[in-house]
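The structure is given below, and queries will be raised subsequently.
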């Protein structure tokens, strides 16, 4: 029975790894757009900063000196950490000076925090259960921050009635990721994984509902903007032709 439960947990963990990898890769289209336009436009760095520290904390939680038999936790969060470094690097390259400075400061603070936590826990706390309790409690906060981070653009969404800068796939796979890791934590109970991921499931669902509510208005705005752009181009073309032929008056 225990063997079957462990096998089921491992299988769900593998599925969770795959979904989490897709979640980490879901903003790829956003960063392709940033790279092509050479600008971060109105995209927020908050989701990527939150995911960066969250992955760092969970890598620490999965270490054998903290939580034995948590290889799947290390593999996916280590991968996610590398992906977020790439995203933040692109964000730094194409953001303005003020925002770039702000992001750099936050990244440095996050790195210092994770390193300091690891040093304190591994040096002064000697029982694995206590290490897991300390790191796990902090991981819960980090995980909730990651799930809630896309909501940072909610003010912009409500104000503009547009979800253009709230990537759909980030919200969608946040929801699926929450579901998979909630299941993983329930098979062999782990409160530190269960609490944030069950909340993440609800936050992901909320984001999808908000996306659905403003999807049609976003399409209308984008269509109107494209039509306006075509009108402006036509007017410029006509003005150019008139300027080139100033004596093109009517003669009977």
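Placement of Cβ uses the backbone N, Cα and C atoms for every residue, glycine included.
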Give the range, chosen from 132-153, 220-241, that TrEMBL lists as transmembrane segment.
132-153
Considering only Cβ pairs under 8 Å, which range in 46-66, 72-94, 165-187, 193-215 makes the most contacts with the transmembrane segment (103-126)?
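Selected stretch: 46-66, with the most Cβ pairs under 8 Å.
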Output the single range from 46-66, 132-153, 165-187, 193-215 maximising the number of Cβ pairs under 8 Å to the transmembrane segment (72-94).
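Answer is 46-66, with the largest number of Cβ pairs below 8 Å.
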Which one, 12-34, 132-153, 165-187, 193-215, has the most C-beta pairs under 8 Å toward the transmembrane segment (46-66)?
132-153
So, do the transmembrane segment (193-215) and the transmembrane segment (12-34) meet, by the test of 3 or more Cβ pairs under 8 Å (sequence gap 6 or more)?
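No, these stretches are not in contact.
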